[in-house]
Each structure stands twice: as structure tokens, then as C-alpha cells.
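Here's what TrEMBL has on this protein:
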{"type": "SITE", "residues": "Pro81", "note": "site 'Important for tRNA non-discrimination'"}
{"type": "DOMAIN", "residues": "100-429", "note": "domain 'Aminoacyl-transfer RNA synthetases class-II family profile'"}
{"type": "BINDING", "residues": "Glu166, Arg210, Ser355, Arg359", "note": "L-aspartate binding site"}
{"type": "REGION", "residues": "188-191", "note": "region 'Aspartate'"}
{"type": "BINDING", "residues": "Arg210, Ala211, Glu212, Arg218, His219, Leu220, Glu352, Gly400, Ile401, Glu402, Arg403", "note": "ATP binding site"}
{"type": "BINDING", "residues": "Glu352", "note": "Mg(2+) 3 binding site"}
{"type": "BINDING", "residues": "Glu352, Ser355", "note": "Mg(2+) 2 binding site"}
Amino acid sequence: MRQPIQAVTPKTEYAEVIGWVHEVRDLGGLAFFVIRDRSGIIQVTIPKKKVTAEVLETVRNISRESVVRVRGQVKAIEKAPGGREIVPEELEIISLAESPLPLDVAEKVPAELDTRLDSRFLDARKPRVRAIFFIRSAVTCAATAFLASRGCINITTPKIVAAATEGGTELFPIAYFEKEAFMNQSPQLYKQMMMAAGFESVFEIGPIFRAEEHNTVRHLNEATSLDVEVSFADHNDVMELLEDLIIHVYETVAKTCSNELAELGIELAVPKKPFPRIPYIEAIEIANRTIEEKIAFGGDLSPAAERAVGDAVGTHYFIVDWPTDTRPYYAMPYPDRPEFCKAFDLMHPRMELASGAQRIHDYNLLVERIRAKGLSPESFEFYLKTFRYGMPPHAGWGLGIERLVMTMLDLGNIREAVLFPRDRHRLTP
Ligand code: ATP
Ligand code: AMO
């Protein structure tokens with residue numbers, strides 16, 4: 001029976017392991033190779049005079065990254081990684097890898113990100129890369145468990161839709177029989193509709209599609225969004241939920257991914273509650289103290305402005321009280337100062353992680369806001385209808401999973417946090 005490599009200790013007497021050939025060294029009388037599976041590596045040592053002719057013949061044919069099966073005695077040996085090695089009695093090549101490899105998995109030859117992404121399956125064999133995706137898995141599992149524990153219902157909404165949600169730009173049109181359709185930018189309208197359905201609190205982790213023209217280190221054309229919507233809640237309630245979620249996710253990763261964090265050289269600091277709430281006006285004031293291209297009232301924060309405020313605050317924080325005109329039609333204006341709305345962004349010192357708001361639940365006000373944005377209420381009829389038959393007050397947010405992972409692990413490029421990124425120039429693999 002195959003054993004995970006990590007389970008083979010210096011005390012193990014006999015082992016069978018299957019994995020990829022990480023390294024091969026032939027030193028004449030002695031040959032070594034290192035086998036890797038996702039749990040770790042083990043050295044296989046071949047004293048040529050002592051092994052069978054069959055094993056010797058197989059050793060001659062082995063190439064790096066082939067899948068091999070090794071069965072033999074385990075010996076405790078200090079020089080070897082993990083303090084043990086296997087001397088094979090049986091050695092079988094299960095799947096021979098072609099040479100040369102498109103990518104050096106052992107990372108002796110560094111590769112550009114593009115080359116890595118072209119052969120992502122090989123790239124993902126690297127312990128460092130696997131660590132990122134192990135942690136990403138821990139992040140989404142922890143978020144799911146956390147939201148389920150808070151009574152949120154996990155929903156799935158359509159990704160092929162008839163209307164834009166975030167204002168009509170950045171849409172990917174698709175051919176849908178004889179109709180015009182689009183890839184969904186956000187589950188926004190659907191999660192709100194589930195408030196009218198009386199689900200009270202919902203979440204979804206799913207793909208969002210944005211036809212961003214620009215190629216940046218923090219934008220993808222297909223991203224993963226964690227969306228939440230809660231009834232009988234306002235923006236402050238859901239900001240607290242988001243804050244608790246971030247802390248829970250960080251704590252879980254710190255607790256359950258210590259090997260992966262070590263592999264990445266990350267000492268994870270869990271952010272502390274409460275995250276500062278900085279009104280939009282104050283945020284642009286802070287940014288304008290240091291940045292060259294000043295932000296005028298009503299402007300979005302540029303990346304430089306985000307970094308300036310991030311440097312000043314030094315921790316996760318919220319930007320609250322945005323000018324109503326800067327936000328989508330569904331954000332609820334403050335009744336006493338309607339030029340500002342109950343919208344927020346969750347910021348990591350490096351960049352925006354999430355956006356959210358208390359939503360408008362009044363039908364007439366919503367229609368007015370859709371018109372004010374130059375959009376036509378007719379194309380939103382399926383959505384607007386749900387506001388005419390009893391819509392509770394509600395609030396929610398959308399959090400970019402890749403940005404969460406990217407900032408948590410201090411990755412230089414968002415593509416590092418996606419298995420098969422889609423960007424302006426990449427449609428394969
Ligand atoms: P040794 O230190 O074993 O006496 P050596 O100088 O006799 O080594 P070889 O036995 O041919 O030379 O080994 C060549 C290299 O491989 C040396 O650098 C040695 O330290 C290393 N080596 C030998 N055996 C092992 C092993 N089981 N695991 C890891 N490295 C080994
Ligand atoms: P927004 O458009 O701000 O809000 O998106 C929410 C979060 O999703 C992530 N994100 C992206 N990540 C990578 N590449 C992209 N192109 C990309 N676009 C978005 C970001 C962002 O903060 N409906 C609202 C949410 C709500 O109010 O509930 C929305 O979509 O981390």
C-alpha cells in the first residue's frame with residue numbers, strides 16, 4: 001500500500017511510495033533520486049552493486065518528473081532530507097516524463113510567471129505554489145464554515161444573465177441562442193432577490209466576469225467573489241460580519257496551515273477588531289497629503305491614493321460614507337444627507353478587498369436611482385418586481401477571494417492566487 005511520503009519516518013522499516021522524480025543524481029557507484037508527493041520528499045538511494053539488475057535498468061531510464069513507484073527498506077540516515085532514505089527492492093516507472101521539461105519544478109532555473117502559467121500543472125507541483133492553493137482552500141472552507149455558523153444559506157445564482165448589475169460597463173457578451181446575454185459581473189441582483197424570498201441571510205462563492213481592458217497585477221477577467229446578503233441588517237451590521245469573517249479566516253489559516261505558511265516564509269499576523277472606519281472625505285484628505293495626482297471630491301481612490309491611506313492606517317480598515325454618485329444605484333443614501341450613502345469598502349493597506357452597502361429596499365427610490373444612473377428600469381423588471389411585494393431592509397457585500405489570498409500571502413501578482421487565470425491576453429490553459 002502506498003504511503004504518503006511524510007508518513008515515512010526514520011523508524012519505518014519498509015515502505016512503498018509513489019510520486020514524482022524531483023531530482024536525479026548519478027555518482028557512479030551510487031545513484032540518488034528524490035521522490036516528491038504533495039506531503040513531502042524522500043531520498044531513494046541506489047547502491048548500484050547491491051540492487052537487482054532490473055532496478056538498475058529502470059534507474060537508467062528514469063527522467064525528472066516521471067511518476068515512479070518505489071518499494072524497499074527504509075534506513076535512518078542523517079544526510080538525507082527528513083533523516084531517512086529508501087533502498088529500493090522494486091522500482092517501477094509508472095509514467096515517464098518527456099525531456100526536456102517545459103519548466104524546472106525544482107526551481108533551479110527560475111521562470112517568468114507567463115512561462116509558469118503556460119505549464120501551470122507543472123508549476124503547481126512546486127511546494128510553494130501548492131502551499132498557496134492549500135491556503136486558498138483553507139480560506140474558502142473557513143469562510144463557508146463561518147457563514148454557515150452564522151445561519152447564512154449557501155446559494156448558487158446564474159452566471160449567464162440578461163442584464164448588467166454594476167452599471168453596464170465591463171460586460172462580456174455571449175451568444176445565447178437568439179438572445180443577447182452576458183457573463184454575470186456579480187450575483188448582486190440575485191442575492192437581493194433572495195431577500196425578497198425571505199431567506200434572510202445568504203452567501204455564495206462563485207465566479208464573476210469583468211471585461212476589464214487593462215492588465216494589472218490586481219485585476220482578473222474571471223475572479224472569485226464571496227457574496228453575502230443579510231435582511232433586517234444595515235451597513236454597520238454587515239461590516240461587523242465582514243470583519244469577523246476576515247479575522248476568523250486569518251485565525252484558521254494561522255492554526256491549520258503552519259507548514260504552508262512556513263513554505264512561503266509568511267508570519268501571519270491576525271488583524272484586530274475593530275477595523276478603523278474612515279469616512280470617504282477623510283480618506284481623500286489623508287491621500288491628498290502625500291500623492292501627486294490629487295483626488296477631487298467624488299473621485300474614486302487611485303491605486304496611489306489607496307496605498308497612501310493604507311500606509312497611514314497600517315491595518316485593514318473600512319472607507320465609509322461614500323458620495324452617492326460614486327456608487328451603484330442600489331446603495332442606500334442617508335435620509336438626512338442623500339449626497340452620501342451607506343456604502344463601504346473594506347481595504348487592506350495594499351488594496352481594496354470588498355465593497356458593500358445597505359441597499360435601497362424602497363421600489364420608487366430604486367427606480368429613481370436607476371434612472372439617475374442613465375439606466376432603464378424596464379431592463380431590470382425581473383429584479384424590480386421583487387421590490388413590489390414585500391422587500392425587507394437588507395445589506396451585504398462582495399469580497400474578492402483572490403485579493404484576500406494575495407494580500408494575506410503578500411503575493412506580487414493576483415495571478416499567483418488563481419490556478420488558471422483569465423486576463424486580457426490569456427485564454428489557455
Ligand atoms: P561518505 O560521506 O558517505 O563517506 P564519500 O565521500 O565516500 O561519502 P560517496 O559515497 O561516493 O562519497 O558519496 C558522494 C556524495 O554523496 C558525498 O558528498 C556524500 O556525502 C553523499 N552521500 C553519500 N551517501 C549519501 C546518502 N545516503 N544520502 C545523502 N547523501 C549521501
Ligand atoms: P465590486 O465591483 O467592488 O462590488 O466587487 C467586489 C470585490 O470583488 C473583487 N473584484 C475583483 N477581483 C479581481 N479582479 C477583478 N476584475 C475584480 N472585480 C472585483 C474585489 C472587489 O472589492 N455587487 C458589489 C458587491 C456588493 O455590494 O455586495 C460588487 O460587485 O475584491
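Glycine is treated like the rest: Cβ placed from N, Cα and C.
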Secondary structure at His219 (ATP binding site), reduced by DSSP to three states: coil
Closest of His219, Glu352, Ser355, Ile401 to Pro81 (site 'Important for tRNA non-discrimination'), Cα positions, binding-site residues only: Ile401
For the binding-site residues Glu212, Glu352, the one whose C-beta sees the most other C-beta atoms within 10 angstroms: Glu352
Where Arg210 (L-aspartate binding site) sits in the secondary structure, as DSSP reduces it to three classes: coil
Integer Å distance between the CA atoms belonging to Arg210 (L-aspartate binding site) and Arg403 (ATP binding site): 15
Residue with minimal Cβ packing [other Cβ atoms within 10 Å] among the binding-site residues His219, Arg359, Arg403: His219
Pro81 (site 'Important for tRNA non-discrimination'), number of other Cβ atoms within 10 Å: 14
Cα proximity to Ile401 (ATP binding site), best match among binding-site residues Arg210, Ser355, Arg359: Ser355
Recorded positions whose CB lies under 6 angstroms from ligand 2, from Pro81, Glu212, Arg359, Ile401: Glu212
